[in-house]
Amino acid sequence: MASEQTIDGAAAIPSGTGDEPFLGLLDVALLAVLIGGAAFYFLRSRKKEEEPTRSYSIQPTTVCTTSASDNSFIKKLKASGRSLVVFYGSQTGTGEEFAGRLAKEGIRYRLKGMVADPEECDMEELLQLKDIDNSLAVFCLATYGEGDPTDNAMEFYEWITSGDVDLTGLNYAVFGLGNKTYEHYNKVAIYVDKRLEELGANRVFELGLGDDDANIEDDFITWKDRFWPAVCDHFGIEGGGEEVLIRQYRLLEQPEVQPDRIYTGEIARLHSIQNQRPPFDAKNPFLAPIKVNRELHKGGGRSCMHIELSIDGSKMRYDAGDHVAMFPVNDKSLVEKLGELCKADLDTVFSLINTDTDSSKKHPFPCPTTYRTALTHYLEITAIPRTHILKELAEYCTDEKEKELLRSMASISPEGKEKYQSWIQDACRNIVHILEDIKSCRPPIDHVCELLPRLQPRYYSISSSAKLHPTDVHVTAVLVEYKTPTGRINKGVATTYLKNKQPQGSEEVKVPVFIRKSQFRLPSKPETPIIMVGPGTGLAPFRGFIQERQFLRDEGKTVGESILYFGCRKRSEDYIYESELEEWVKKGTLNLKAAFSRDQGKKVYVQHLLEQDADLIWNVIGENKGHFYICGDAKNMAVDVRNILVKILSTKGNMSEADAVQYIKKMEAQKRYSADVWS
């Protein structure tokens, strides 16, 4: 009765018309609150009940399934009847290329495969892969920087490092891409291979390690040749049938496409060159005007450029020690020559469309575009072709001897490998040279575009400090040009491109760039002493370091000793930034140790100077906890310097060799020992 009285009382409020409705406004409001509260309680209790049974993968909802289906490699595998997924961690494209080759070959062994970028996948779905019959996950992982995973593999690496998931039932194999001249050779692949086993996964075949300093192609095909029989044995599959070459992309010529829908060199977003907008990164580079492009060498026949790029208005920031990445373009004459050899109209508008509709990669490069643009902006036409390219080119030879030559070099026979080493690698033959010398081979230009790897950005250590030059980035680059055993002149893509980018009057000359952060850093405390070893263009980041230390001194701050070991051939020819270095010495900011290797009968290098300065080096890094930096050649100089340091620590610090090695590792962990090296 009480409830009835309440309703009646509410309904008795005058409505203004003399009518008395069954429910008044207050009733409706109260009813809405009650219904809403009940719904919230019901949904909340249901959520609590469901939470314990949630799997690691993101479950699709009835509201929106787009993101769930996009990053679900399990769904794609099941929908297309596949059981092989090949993940790649790649910084320069080689890991992705190897992954593609493995996935493509799987069909020979009744394992239909797909390539997957871990950055675009829900990697927690690895727990569900065992539900697919004869399933296998392969990881082609490059090690980058100071033993780090590549950008696109970082989240996956952190997940398996910090997580404690049960991967029992997951079949896997790992192939690593590294370089033996670097200290952390294949660190990522070695760790992932070991960690997956620790988490309960089943290793189907042994870890493969590729060495880019030697012949990573040979390492890969040798591993791959043993990998497939092991896979067949594991799953009880009969050996592979005859190899059938299958194209991954189909050609679509598009003469009717409007000009404003055609890519003209953009990395990702159409018209991003004309309509620049931040943030600027690897997929959206900033067009930086070149303010200065001058020669640093005074003679000797070689060339070293000092280039100043303006990043004013880009909102990009950098610190001394960071890298600037630049997207180069291929030489016009090489592009024209390749077009002639393939009998192609380079201005034809086309698209290459992935025949695998489940792949997230719809095109090998931005499409639609022209063959001229693809060969100029998107493809590595000066790279040494890998064996799978030769295998496919062989099919277009009309001369049987030439066909057999290419097939032999693409094989795993000892004779074929030896021929590939001498005729391709040692002779530095690129795709243009091969087609010039194998005269009966005339492949269609669209297949060449499918086979060639993507043109990658080139990275340079920034040779300036943002404290002094906040809106400019300085680059120090040696022009690459050499004669090959066949008598041809090969030129570096990026440095040739830069050499021709000379600012003229008021007309701006621009290059597409972005900043890549580095761990190569000055000490956080300016009073910490530092030792820098940088012969040749290895001086680049240290120029930025010294600029910064001078800037701090000019502000009246206390700055620790800065010791630089620099080397070049002759003082009169290739002593770069001579006047700047001498000026810093005069001001007391720099302690310079220079080695001019060819200015006397017996060659002297920075390594010799380091050996002579054992007491000084021990004083800085042993007694005063200073920082030690190396920049330059990884293969010889950096290895020698590290060995000398071990020797100095052993003798001056009264350590065993093993303890000296551990001391350096501890310095690395403390960020007191840093290397920015290349091979």
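From the backbone N, Cα and C atoms, a Cβ is placed for every residue, glycine too.
In TrEMBL, annotation is done automatically, which means it is predicted and not curated.
Close to Y182 (FMN binding site) in the fold, though at least 6 residues off in sequence, lie T143, A634, V677, S679, each with a CB less than 8 Å from its CB. Marked as FMN binding site by TrEMBL: 90-95, 142-145, 177-186, D212.
Annotated NADP(+) binding site per TrEMBL: R302, T537, S597, R598, K603, V604, Y605, V606, Q607, D640, in sequence order. Within the same chain, the residues at least 6 positions away from K603 (NADP(+) binding site) whose Cβ sits under 8 Å from its Cβ are S597, listed in sequence order.
For R458 (FAD binding site), applying a Cβ distance below 8 Å and a minimum sequence separation of six or more within one chain yields A325, M326, P328, V493, A494. Taken from TrEMBL, the feature FAD binding site covers R458, Y459, Y460, S461, T476, A477, V478, Y482, G492, V493, A494, T495, W678.
Taken together, the residues of the domain 'Flavodoxin-like' (84-228) have an average pLDDT of 94. According to TrEMBL, the feature domain 'Flavodoxin-like' maps to 84-228.
As annotated by TrEMBL, domain 'FAD-binding FR-type' applies to 283-523.
Feature annotation from TrEMBL assigns transmembrane segment to 22-43.
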_Site extent for NADP(+) (largest Cα pair distance over R302, T537, S597, R598, K603, V604, Y605, V606, Q607, D640, Å)_ = 25
*Between Y185 (FMN binding site) and Q607 (NADP(+) binding site), how far is it from one CA atom to the other, in Å?*
23
_Let's see if you can do this one: DSSP helix, strand and coil counts over the domain 'Flavodoxin-like' (84-228), in that order._
65 helix, 35 strand, 45 coil
*Could you check which of the binding-site residues (A142, Y460, V478) sits closest to R302 (NADP(+) binding site), going Cα to Cα?*
V478
*Rounded Cα separation (Å) that holds between Y460 (FAD binding site) and Y605 (NADP(+) binding site)*: 23
_Measuring Cα to Cα across R458, Y459, Y460, S461, T476, A477, V478, Y482, G492, V493, A494, T495, W678, which the record gives as the FAD binders, how far apart are the two most distant ones in Å?_
23
*C-alpha of T476 (FAD binding site) to C-alpha of G93 (FMN binding site): distance in Å?*
25
